[in-house]
């Protein structure tokens, strides 16, 4: 019978539990093999002793040094190539620079960070290059010392900041900073007539030859050489930019562009002007030509510019009045162009209130011109305006155009005469007709020659849109439409009658004035409109029914120019009853010119 499953009594417990394992030869061999391969002491599983790093740190340091050295060599090959040395001189390729690996090894031994080591190494390289430059003598470079010139080349090539080296050498040679004599131009394309140049390591023979070669380019030359530095002040006959100046000097002196410092001189610095002036009188400098104006103004006693008095506004107003400059921009620009010849313009440019003087000048000129216009009759005004027209034309072109438009010339002359003389209810002429018939061209040409004003109904929302009528002898409203006719029929009847009206002007109280001669152009024949019947007796109309003729080359068939109107008024002067001014002109009576400045008649110009 089989043994029962499950637990047995306590008495049979010892038989069920295996107390000692059975051993065999195979088991013993595997156990021994396992024990030999994985033998360990459990008591020494954790090692609490201090670890020794060994040479891993030194290995890492050597790897960082190697990488830094490779990066440095790549940068040197990139920025200090043999091609750059060959451009300066072929002899420089045979010159070996002083080794600096020794200092690099010391730096590597003292530093433990690759980044700090590289930065410190580069800083030390720059400082060592600057410190190793030998002191310059105060005597010029002797002839034949080609080795010294070559040394200057190598020193400049070794410098990472060649401009700083040149500035330091310049100050050591001349005792004054280069920036103390010059003002800076950032752009290479900015033109200037005067340039200051400092050239490093110029051969003495080339320096002497440049004194003669530069005379064909410059009005004034100032050259001085001390040790390896040569200083030039060149006043060119024409404005040049920095690139053009460098190209000229590199070809003339056989130098590289890196050897040149160039900036314009300071023009309003007395100390800088005295440096050039005293240097020109010394024996060590070469000068050719008259002193520039900016130097003479600040150094020579009794110079014409130093004798100029303070700015005189009345002289500026007189100049603008004589040249008919009314716009502020024209006055400012044209008067500034007079600065080299006019002492008052120089004083104005040196003043801090230039804009205020320009505004006051423009205002005063407008006041004088308006007063002069009001004093003149229509005959005098027309005579003065046509005398300003240069050239000759023929009045027949205007007469032919009127006949082409089927306008009776006699009737037009009668209406024009009444308008110019401001006859009540006859001082307004309307030119109407289809589009492209030459209405605007005809009236605009007349307004242009008589210096009239043009009014635009687009400004009718402003209560000052009629203000130009108080400042002219003849006015024009071009392309009158229905809204404008309604406005004229409502508000401008008294003005068209030739009576005094109250005209609102900006920045002043309303003034009492009469409307000047008025020209109108429109596509609407107001005489055919019943709604504007009150304007029929106040406006004289002429119709232009035919299209404006053009030549095959797209030029007008009829020349409506200032010269044509000049001939028109001259030819029909008596018919228009404009005889007063012409009679005075034929009598040869002299007229005194208007003077608005405080200058006396006997004062020198």
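Cβ atoms here come from the backbone N, Cα and C positions, even for glycine.
What Swiss-Prot says about this one:
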- 433, 434, 435, 436, 437, 438, 439, 440: ATP binding site (BINDING)
- 588-605: compositional bias 'Polar residues' (COMPBIAS)
- 514: SUMO cross-link (CROSSLNK)
- 81: phosphoserine (MOD_RES)
- 89: phosphoserine (MOD_RES)
- 145-308: region 'DNA-binding region' (REGION)
- 580-605: region 'Disordered' (REGION)
- 88-97: motif 'Nuclear export signal' (MOTIF)
Specify all same-chain residues, apart from the site residues 433, 434, 435, 436, 437, 438, 439, 440, whose Cβ lies within 8 angstroms of the center of the Cβ atoms of the ATP site, ordered by sequence.
521, 523, 544, 547, 548
Only counting partners 6 or more residues apart, tell me which same-chain residues put their Cβ under 8 Å from the Cβ of residue 439 (ATP binding site).
431, 432, 433, 521, 544
Consider the binding-site residues 434, 435, 436, 437, 438 and say which one has the Cα lying nearest the Cα of residue 514 (SUMO cross-link).
438
Around the Cβ of residue 440 (ATP binding site), the count of other Cβ atoms that are within 10 Å:
16
